[in-house]
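Student: My questions will all concern the structure given below.
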Amino acid sequence: MLGFGTFTHSNTSTGRKPGMGYDVPEGVDIRGRYDPEFATVLTKEALQFVVELQREFRNHIKYAMDCRKEAKVRYNNGALPGFDPATMYIRDAEWVCAAVPPAVADRRVEITGPVERKMIINALNSGAKVFMADFEDALSPTWENLMRGQVNLRDAVNGTISFQDPARNRVYKLNDRTAKLFVRPRGWHLPEAHIFIDGEPATGCLVDFGLYFFHNYAAFRQKQGDGFGPFFYLPKMEHSREARIWNNVFERAEKMAGIERGSIRATVLIETLPAVFQMDEILYELRDHSVGLNCGRWDYIFSYVKTFQAHPDRLLPDRVQVGMAQHFMRSYSDLLIRTCHRRGVHAMGGMAAQIPIRDDPAANEAALELVRKDKLREVKAGHDGTWAAHPGLIPACMEVFTNYMGNSPNQIETMKRVDAATVSEEDLLQIPRGVRTLDGLRLNTRVGIQYLAAWLTGTGSVPLYNLMEDAATAEISRVQNWQWLKYGVELNGDGLGVKVTLDLFGRVVEDEMARIEREVGKEKFRKGMYKEACKLFTQQCTAPTLDDFLTLNAYNNIVIHHPSGSSRL
């Protein structure tokens, strides 16, 4: 598993009463803090299920991660990603995925957010059709966040979740009608360093999936899925071999639970450049368990830069210029719609990251108008639904999709997008147009440092400059800065011919730290982890080789080991 050797220098602290600990199966060592509430999730039986998944699939996961490394070497040596000739037979054949479960036929607006208690209640009550509860990019994977997230989801599935907000003197509870719940576990590459199995950290997504599935499959199928489920979103895949592992995990879980094959359903995020050439193959591997693909567009831009990190002829302009109007982005969206509808499943649109601007009605209306335009583009292109980051955007998104789709739950049968069958490798790889500016470098630096500071203090979903940012935005900021520095690019949008150097970057970091301090205030700046975040972010932007993931590198900073977490009672 990627990064397994890197978690030896963790923080440790005490605080457990003698004799207390989690009751664990053989081979398991829990190094996270003991909490009686967490123990109701970390039962011996649930952990045994996670152990079985880990032992059965760890070698497949390691092989898949090794294949990622080999692909990276090829791209760094000048190769380009493309369609695999060996699987042309899958792309050319006529086949469809299993029929969409009625419970999730209509997904016209989905809301996303971390597995925090108040967020879960507000999102399920938001009026959206689906809530994607996130263990991945919108969550900082501290032990507390992960375990409380499992408790929260169990209470949500049971319908008993509530939250008392003393600051507002208000109790939050679920409405009678709620959104359908999807859960996004972490990506294959992320370890869970608070749970060791057979002497090595567990695979993060198997912990997320295994604990949630074990405790909730029965109640979910009865209360949420109309006999199907649970439902998932699967992130960060680069190849169909990774989808095959997920399919095998699902079949193993269905067998354990004694439920029909094809009960579990998942939507895959197409958010890496290599995966866009594997969409048919990914759906084929998951054909009994698929409910479509989603345009994870911010991560996709991050992946474009990362894939072409050694290609100075493929530098991106300022990230604010890389929108869906760029040819390579529009081609990706069109091909995704064409592929999904040909295979009988949903083609989900991208994220509206805007958040309401309460103190400026004119600016708020302008932001909402941008959202409406973006959603109109998506629904006209054939998308079956879209994402929003804030409950305040749901009515605007819903209105656009309903005005266009009427009473139809989706556009799977009506928008086949045969015209997109001609989308080529060249279309998907076309270099984006635009310019690079000092403002772009400054924004990348300011957003990257502020996001990382929040992440280090346990927050993974951060409102910055009227946008809800998650790890994907920080990743774009980091890799773009790294690439501009590596190639000493000219900031060709300013008309001054300035080149990005270590000296210029150092001055930008200094300026932006001063600006952050002014914006957040001296007290918050002093108490927050801005200096630590600045050091980490600067190290990553100036490193000789590009780290694959910001969050993997920074993970050591939030791992806290407690001694004697496990006992075999």
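Just so it is clear, glycine is given a Cβ too, placed from its N, Cα and C backbone atoms.
Because TrEMBL annotations are produced automatically, they should be read as predictions rather than curated entries.
Not my notes, these are from TrEMBL:
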type     : residues : note
ACT_SITE : Arg184   : active site, proton acceptor
ACT_SITE : Asp470   : active site, proton donor
DOMAIN   : 26-88    : domain 'Malate synthase N-terminal'
DOMAIN   : 180-431  : domain 'Malate synthase TIM barrel'
DOMAIN   : 436-558  : domain 'Malate synthase C-terminal'
REGION   : 1-20     : region 'Disordered'
Student: For the domain 'Malate synthase C-terminal' (436-558), DSSP counts of helix, strand and coil?
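Tutor: So the counts come to 82 helix, 8 strand, 33 coil.
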Student: Have a look around the residue listed as 'active site, proton acceptor' and count the other CB atoms within 10 A of its CB, chains all included.
Tutor: 26
Student: If I take every residue in the domain 'Malate synthase TIM barrel' (180-431) and average their pLDDT values, what number comes out?
Tutor: 97
Student: What whole-number Å value do you get for the CA-CA distance of the residue listed as 'active site, proton acceptor' and the residue listed as 'active site, proton donor'?
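Tutor: For the residue listed as 'active site, proton acceptor' versus the residue listed as 'active site, proton donor', the Cα atoms are 14 Å apart.
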Student: Under a criterion of Cβ-Cβ distance under 8 Å and sequence separation of at least 6, what residues of the same chain contact Asp470 (active site, proton donor)?
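Tutor: Counting only residues 6 or more apart in sequence, the Cβ neighbours of Asp470 (active site, proton donor) under 8 Å are Asp137, Ala138, Trp298, Gly460, Ser461, Val462.
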Student: What are the DSSP helix/strand/coil residue counts across the domain 'Malate synthase N-terminal' (26-88)?
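Tutor: Once the DSSP states are binned, the domain 'Malate synthase N-terminal' (26-88) shows 41 helix, 3 strand, 19 coil.
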